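Novice: Okay, these came from TrEMBL:
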- A:1-21: region 'Disordered' (REGION)
- A:34-693: domain 'Aminoacyl-tRNA synthetase class Ia' (DOMAIN)
- A:64-74: motif ''HIGH' region' (MOTIF)
- A:555-574: region 'Disordered' (REGION)
- A:659-663: motif ''KMSKS' region' (MOTIF)
- A:Lys662: ATP binding site (BINDING)
- A:750-886: domain 'Methionyl/Valyl/Leucyl/Isoleucyl-tRNA synthetase anticodon-binding' (DOMAIN)
Amino acid sequence: MTENPSPVYPRRGTADERRIPASPRFPRIEDEVLGYWAEDGTFQASIESRPAGESEYVFYDGPPFANGLPHYGHLLTGYVKDLVARYQTQRGRRVERRFGWDTHGLPAELEAMKQLGMTDKAEIEAMGIDKFNDACRASVLKYTREWEEYVTRQARWVDFENDYKTLNVEYMESVIWAFKQLHEKGLTYQGFRVLPYCWKDETPLSNHELRMDDDVYKDRQDPSVTVAFPITGGGADARVGRELAGVNLLAWTTTPWTLPTNFSVAVGPEIEYVVVEAPKDGPLPGKHLLAADLLGAYAKDLGFAAAEDAEAAVVARYRGTELAGLEYQPLWGYYADVSRWGTQNAFRVLVEDYVTTTDGTGLVHQASAYGEEDQRSSEEAGIPVILSVDEGARFLPMFAEPLGDGTAPLADIAGKQVFEANRDIINRLKADGRLVREQSYVHSYPHCWRCRTPLIYKAVTSWYVAVTQFKDRMLEINEQINWIPGNVKHGQFGKWLEGARDWSISRNRYWGSPIPVWVSDDPAYPRTEVYGSLEELKEAFGDYPRNADGEPDLHRPWIDRLTRPNPDDPTGRSTMRRVEDVLDVWFDSGSMQFAQVHYPFENKDWFDSHHPADFIVEYIGQTRGWFYTMHILATALFDRPAFTNVISHGIVLGSDGQKMSKSLRNYPDVTEVLDRDGSDAMRWFLMASPILRGGNLVVTEEGIREGVRQVLLPMWNAWHFFALYANTARGGQGYQAKPVRGQDVDNPLDRYILAATGDLVREATAALDAYDVSSACEALRAYSETLTNWYIRRSRQRFYDEDTAAYDVLYTALETFTRVAAPLLPLISEEIWRGLTGGRSVHLADWPEPDDYLKDERAVELMELTRTIASAGSALRKQAGRRVRLPLRRMTAVVPGAEALRGTYQQIIADELNLKEVELLEAAGVDPAGWGIGQRLAVNARAAGPRLGKQVQQAIKGAKTGDWSVQDGVVTAGGIELQEGEYALETVAEAAQEGMELTVLPGGGFLALDTTVTPELEAEGLARDTVRAIQSVRKALDLDVSDRIEVEIAGAPEALAAAEAHAGLVKTETLALTLRPAESLLGDDVQGAEVGEGLGISLRVVRA
RNA sequence: GGGCGUAUAGCUCAGGCGGUUAGAGCGUCACACUGAUAAUGUGAAGGUCCCAGGUUCAAGUCCUGGUACGCCCA
């Protein structure tokens, strides 16, 4: 081998021109490939080289939110997005990739408030909405540069130039268009929604604000009360109403302050309730109704001495469903005026699934304005939402006003904050004889994350999309979507759709797309207007909404400034004003499918033929987020899905299996990993993992290194090996390899690897077409193993011998491998592919066609059998305690179709196992018993069980203990005759002859290894040990592979004799010009070694 | 508090319709092999299949109850 000053390979390279390092630094190579792409414009070329139109592959970017730095979750989805797009491009599709920025919403506002040092909405109003929104805009675009760097470094190709931002006026125009469409279809309405509410800041909070800090939830002590409601009659079943008239419903609550607005009592449908007659001399004489399970807990309160006494006093039993519609006497008369309050359906028993018997009485007091369940169930029952407190959670003045009978039972609470009013209300209950029990109750209770005030739940007005109206259609359309993993379709997503509720889309905030609804400011002259475009606004208000720079802008406060006289008001005094709310940011995200192309104002034709998207990906939690809102809007607006294929992946966890946490530092730093192992290593680690099949993934450095070891290094080493020999061929001239199809190839190893290459293409294509990324990775991993640890290892000699057929085959294998690996290892594949072919980019190359490769199942099968025999033979050597360097006389392989292994396969086995002879015998012609191969009976319990019943256990026992026989073809085990199919006879190695080791092969047949060691074999073994010892010394001396040496050897006489007897072998193997025995060797340059069974030798090796 | 999900080797996870010796990868240990390779090969150790009942000839698998953890919603 001679160094070639101008080698053939790499033909093109980005890293370190003209040299292929044996130990590559992948991150450095990656950097250079990234630089090459930037310079070459490869990404643009990969899009432009594919035709537009029908063959476009439509991909939507997810909803990343840019006011934070990217993390592992983004990294993961980014890799999936990129690899699918690269794959489809190689398959000939044109894949436009626009980056999307989600910019609106509460997170942006909170970040801006933090930066401005604000804690509540009053401060925002004081500052001015325009200035506040400027701050929001700056905060959401703060990290765009970091994002770009991050995305570029992960080798993700995406268009930042032609991106979309939800804050652009075009985008927002499409959003209000969508709202108007929904409105015209009758799918929007205004209603109440119960939200956590901070009465100090006088603002509702979103549920997500409850998770703002860990200490939002704190234990709090509240009074819990049980109240008696006398039944007056009614009932879905009038008989029950009559029976129960006069009986007290005992209802429980932890919020006594909501009792003035008690409008219903809920019972659980399956819960058993009892009527119990309390002792006449007790605190609460009369009959009471409560859940049977909880009677004991109330026995004392009702005047019983013990639970058993209460049990004995039960006079009737009912199931919850029987109690539906029972009417009861309200606590106080404040809301008794039906014409004023609309309470004609109130003060009755409702049946609700959510009621349990873990606390209280099994009957729950409901106030429609102060609980989500309460509000929903009241709405279904036709009970209105009525607020009893003002913005500061103080009771309204009306409580001080006398009722029809001239009394004002709750006069004390008027103007009092709700928690302070609890005491007054409880005292009143006691005075009225309605209080059954009072108890303090410690529970985890949410507090305002800003001011630490305990929150209340309170109804606020909100706009809704009437999802329940078209829920069934959403379910039908879901059938057209291919979910990965498949169980999400009817599982998490399908179930979520089935339980879909109306979607609350308004937020009483500042930074978002506006709700394009204008209403009259005088209820006496009601009017509502909805606008769906800038032109409509201009027509109605005379101009576009314009910001400080005079640009059309749909943000607050500019849009709020559009007002006009109410045309329905003859007095001309009322004004049309926009409702203050902005849209939930999820409405923006769900609109990206059309808003990113400013549909329908632009790109109408394009959209009509390129929606739904072919593919999207996000984490599984988006079944309630992006996946859901996209699906709602696509169904409502277009009556079709928004996407046809979707991967919903699992969660990325820290190295300790917990959620990733910055403070715990329980995950490897992304930048560190990218700098040390590289992006391809990270990509491989994430893509090969179960996370894309819905599982969770623990991120560890070892896991990432594992990917480097499993594919990146083998791939690189194969390339390095190929180039090494191709460059030194023909006396240093080099050899340029050419692709082969393989039909005319006859070397079995060549046929094997070419056929395996075709199989790789087939498997990877099938996997990626099914979006089964981890299977594609597995196929690549298995192939790289075969290529390096079998094909190349077994073909080494042919490369030494300059067999150019082998060069061509390895070239073909590697070139194909890099094309298949390109989506999964885009950087390193690029470097190798360009080095091999001299082409512009592997990402511009077409995906390989499986039919271009040799198809030879027989060659694969025979080689697999060869590998099986080699590996079983290896185990035999271990069993016999015969090291591999010690040659053995013979191994006999008894297999079906043995003849086909003759020749190369036989040679490979002999070589692998260091055998003088491999004897092949046809299994059909050999009596296994003669070789000590016996049989074992296995009962097929599944087949025999149903027929034999209990006896099958006896037969199994017989088979296990050897109590079985075969006579005239009839198998009997444990005295039970078994029928055909109820048993299987398996071969098992039993008694090997002396000097023989036996093993049964997994696919049938067996091996017999002759373990006899003759002096000749022993000597050769020692000689080979000596070779190994000399090679170690060469390595230790850091000699070049082609350096010639001179060797002196001393030590055990048997070892010296063996070395001498096999001097030829020793010298050729070690490139030794001389091999001189010596009496003894001394000096610093002498190395000791051990050969055979503990024989010592000394060696002196010098360069010749 | 409600809904959904999970629980199998040290770790991550497979285990059709129930079938009798519960598997894989990684990790650990031993041995072998190695001049493209940061490797590789062979083997071993490692299990209360979360717990308690039940159904069945037979339960990791089905049923009931419980426990722990996760996600979503309150």
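Placement of Cβ uses the backbone N, Cα and C atoms for every residue, glycine included.
What TrEMBL says about a protein is an automatic prediction, not a curated fact.
Buried or exposed, and what's around them? Tell me for each listed feature.
Specialist: Outside the region 'Disordered' (A:555-574), and at least 6 residues removed from its termini, the chain residues within Cβ reach (under 8 Å) are 128-130, 133, 167, 172, 510-511, 514, 518, 520-522, 524-527, 537, 540-541, 545-547, 580, 582.
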Novice: Per DSSP, what is the residue tally for the region 'Disordered' (A:555-574) in helix, strand and coil?
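Specialist: Helix, strand, coil within the region 'Disordered' (A:555-574): 3 helix, 2 strand, 15 coil.
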Novice: What does DSSP give as the helix, strand and coil breakdown of the domain 'Methionyl/Valyl/Leucyl/Isoleucyl-tRNA synthetase anticodon-binding' (A:750-886)?
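Specialist: Per-class counts: 108 helix, 0 strand, 29 coil.
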Novice: Across the domain 'Methionyl/Valyl/Leucyl/Isoleucyl-tRNA synthetase anticodon-binding' (A:750-886), what does the mean pLDDT come to, as a whole number?
Specialist: 91
